[in-house]
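Here is the structure we will look at.
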Amino acid sequence: MEKWSLMTVTVLLALTVRWAVSLGSYSGAGKPPMYGDYEAQRHWQEITYNLPIRQWYFNTSDNNLLYWGLDYPPLTAYHSFVCAYIAKLINPDWVALHTSRGYESQPHKLFMRTTVFVADLLVYIPAVILYCFSLKETSAKKKASTCALCILLYPGLILIDHGHFQYPLSLGLALWAVLCLCHDWDLLGSVAFCLALNYKQMELYHSLPFFCYLLGKCFKKGLKGKGLVLLAKLAGTVLLSFAACWLPFGTDVEQIMQVLRRLFPIDRGLFEACMFSSPTHCPDKVANIWCSLSVLIKIKNVISPRTQLKLSFAVTFLSLLPACIKLTVQPSLRGFKFALVSCALSFFLFSFQVHEKSILLVSVPVCLVINEIPFMATWFLLVSTFSLLPLLLKDGLLLPYAVTTPAFLAACLASFSILDKTSAEDLQLKAFSLSLKSYTSCFKAFPRIVRSLFLLSLSLMGILSVLSAAAPPPQRLPDLFPVAVAVLSCLHFLLFLLYFNVVILWDSKNKGQKKIS
């Protein structure tokens, strides 16, 4: 009972923080003609409610795709339709075709915020709670609740979902998929991940670890016996899940092709992270390698779009290959969770058309290992929130950012004593350090060096946050601070990618996990 009482307090605190953040501004508020993501979600409700399914993804006189046209998979559209149905019952003006464009009112804001709140409460938060209770390392009564507290107080997700405006459903469904695999419910996990992927195509960031882990599990069972049966069941489950999601579009090949063109618009270019060149949003300040390199080399001017696509694919594939091979050959739940982080980070840093918000696809898997590497996980989550700063400033979310970020750091310090968890063993680098026998003396000073780098990192992020919020940039360099935030974050992410790959490749704890049978 005490365990559940602590968890109840944790959830109430997390909900209170979300409610407080939702009272503020949202993406594109009062900024015509495109407004922002809030209007995009409202417009999708307008379109899905008033138009037949066959017109949802096509450009027509009633559906101008240049004005927030649907560019997410069918489950997003179905979810928009459900929200629109409820909105119509409350106030038909909210989803009236054409006339509701740019609609803004306090009752409607309350309705839209509530839909995100409900999605969080029904999908994401329960997955976090059950995941924390399932951890073998969290046997102490307070451990599960403190782990859940740190995950649920992660500011990046709160600020984007309840501030900027976005639904946590795809990440929540992906979490349910991980939870199912943790309990050996492989078929249910496959269904949950298929639903996540059919809600947002960016879940492709997580697809390879799911594929490699389950394939490796089939290999371990033997492809002439139980493994082949499991493989057939998994294939059938995936096909049926996709068929159910795409059924309304399956009668017409052109419908399917149009949806796919909307989901993967490769002709927009390497840097076109968002669909629109809105004056309120600059897509070129993403903390990935391409945008950071463009400070020195204008890649768009020297490499053709097709070559950009090939280069991006090649670098992304090569960067995630080691983790995927290791996971396929030695499938383990621990390796699976770390591979989710590594592969998602590879996609974020090197893939095509990356949005700032895509860092959340890396951050949520990092949350899953916060109990194993609390110091590095906390550091990464702070950097990921910092990387969103230019977007948050545009949305008027400076105050929530300034409050939730230190609060999260304080929660991690209190819950995990992260500054005392900086030894090579605490950072899961003991096996790596032993492989460098001639440099063992360097590892004696390792904890002090890591703590110093962490404090330096916090200082730089704090200074840049203050300058971005309070200091006018030089006239000759109007984007100085957003670019500085992106480059500094990118440098951090590259080092984190190296770190996570080292942990995966030198992992010696898999031997202690139960055998897959």
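Note that Cβ sites are derived from N, Cα and C of the backbone, with glycine treated the same way.
Bear in mind that TrEMBL entries carry predicted annotations, made automatically and left uncurated.
Database features, via TrEMBL:
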type	residues	note
SIGNAL	1-22	signal peptide
TRANSMEM	110-133	transmembrane segment
TRANSMEM	145-167	transmembrane segment
TRANSMEM	173-197	transmembrane segment
TRANSMEM	227-249	transmembrane segment
TRANSMEM	335-352	transmembrane segment
TRANSMEM	359-386	transmembrane segment
TRANSMEM	398-419	transmembrane segment
TRANSMEM	453-471	transmembrane segment
TRANSMEM	483-506	transmembrane segment
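Away from its own ends, the transmembrane segment (359-386) comes close to residues 128, 131, 135, 137-138, 143, 147, 150-151, 154-157, 159-160, 171, 174-175, 178, 202-203, 205-206, 287, 334, 337-338, 340-341, 344-345, 347-348, 401, 405, 408-409, 412, 415-416, 418-419, 421-422, 426-428, 450, 454, 457-458, 461, 464-465, 485, 488-489, 492-493, 496, 499, 503 of its chain (Cβ-Cβ under 8 Å, at least six residues beyond either end).
Within the same chain, the transmembrane segment (483-506) packs against the transmembrane segment (335-352): three or more Cβ pairs sit under 8 Å, each pair at least 6 residues apart.
Highest Cβ contact count with the transmembrane segment (335-352) among the listed stretches 145-167, 173-197, 398-419 falls to 173-197 (criterion: pairs under 8 Å).
Annotation: stretch 398-419 has the most Cβ pairs under 8 Å to the transmembrane segment (145-167), among 173-197, 227-249, 398-419.
Beyond the ends of the transmembrane segment (398-419), by six or more residues, the same chain brings 17, 20-21, 24, 146-147, 149-150, 153-155, 158-159, 163, 370-371, 374-375, 378, 381-382, 385-386, 389, 392, 451, 454, 465, 469 to within a C-beta distance below 8 angstroms of the stretch. Residues 73, 75, 123-124, 127-128, 130-131, 134, 203-204, 206-207, 210, 213-214, 217, 230, 233-234, 237-238, 241-242, 245, 333, 336-337, 340, 364, 368 of the same chain sit 6 or more residues outside the transmembrane segment (173-197) yet have a Cβ under 8 Å from a Cβ within it.
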